[in-house]
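**Student:** Below: one structure in structure tokens.
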């Protein structure tokens, strides 16, 4: 009999969002008259901007003609998209990158998981708590950890609690680690890191020969001009950081699927015999072996984001979601809730009232308000007693959900 990967059996219960879906379905079946408003999983609700949709249509039409047909493309992505990314996303920040350092993918969730392929198993990993579950679970799946303890912490991972006391910004590990996961603007807490805070992490990584995995999936939602959009705005970061970006929330690509990874040629690792080796070369080898590239129409649509018309339309949608965030944040504050985030990120992180647990508050909102959010404890032990609401709903639903919650909590 073929043997399974027993590491999967270490995972705690089900993945967070499928578990939420299961509970909501059960409630809806028992209460078919209920109008349930979902502000939980961060899926977008606005349609693709017209300029992006036109590029999509034009690319599909290209596939219908011999002269413009596109088959297998470059595994790393088409140069016309990569050059647009460099010019419009990085050069404006004062960051210079080579085309060889950017890899177009089918989404940052996969990238955050797949990047582990090029790192040795005995690397020590540091992860924030609370955290996007993919960081934690993928390390469990590949066998980097032991079993979880009663808190949900897996042996072999260094957890960095993010609490009210430290402003939900992790503090530097006291021990040496090799891989550090950072996500700013943060999912789930909605917090951001200043240049000074990021400089501490870059300095730590360089001093300890560590690599930072920097998830910048929500950088387009930053409104404060003082907040960095990329880790590479920090001096020295190109020597120690790999950055992940996504079109999912920025341009509404959750159903389209496109992202990118930046692996600077300066980021080096060590072989088993102690020789320095480029992670860029390893990621290129991994990509060309395991990936055939994002589809041609998808990359054409992604490139349209960087046109003047495409970005103007995309920015309108980002502003729409951030207005939702303001409505949620201010509405909950009026109801007496302690709230964080929602200023430079599309997530609102609220403290559950009356000392309720995260799942107790989930059930209260679902059954009494018919509103779905995400229990903070699902993101890690330090998320207990907190709750995440997403600003990605449509305006009418957001206003209605906030009014229901305010009425219930008063």
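Glycine residues also receive a Cβ, built from the backbone N, Cα and C atoms like all the rest.
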**Student:** Kindly point out which candidate in 83, 91, 187, 280 is recorded by Swiss-Prot as part of the pyridoxal 5'-phosphate site with 72, 108, 109, 132, 218, 246, 247, 248, 257, 292.
**Tutor:** 187
**Student:** What are the non-local neighbours of residue 388 (substrate binding site), defined as same-chain residues 6+ apart in sequence with CB under 8 A from its CB?
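**Tutor:** 40, 188, 189, 347, 348, 349, 350, 373, 374, 375, 376, 379 - these are the non-local Cβ neighbours of residue 388 (substrate binding site), listed in sequence order.
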**Student:** Just to confirm: which same-chain residues, 6+ apart in sequence, have a Cβ under 8 Å from the Cβ of residue 109 (substrate binding site)?
**Tutor:** 134, 259
**Student:** Considering Cα atoms only, can you say which of 42, 132, 187, 292 is the nearest neighbour of residue 248 (pyridoxal 5'-phosphate binding site) among these binding-site residues?
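**Tutor:** It is 42, whose Cα lies nearest.
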**Student:** Whole-number answer please: how many Å between the C-alpha atoms of residue 246 (pyridoxal 5'-phosphate binding site) and residue 42 (substrate binding site)?
**Tutor:** 13
**Student:** In whole Å, note down how far the CA of residue 42 (substrate binding site) lies from the CA of residue 72 (pyridoxal 5'-phosphate binding site).
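**Tutor:** On Cα coordinates alone, these residues lie 32 Å apart.
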**Student:** Between residue 132 (substrate binding site) and residue 249 (N6-(pyridoxal phosphate)lysine), how far is it from one CA atom to the other, in Å?
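**Tutor:** So the Cα of residue 249 (N6-(pyridoxal phosphate)lysine) lies 15 Å away from that of residue 132 (substrate binding site).
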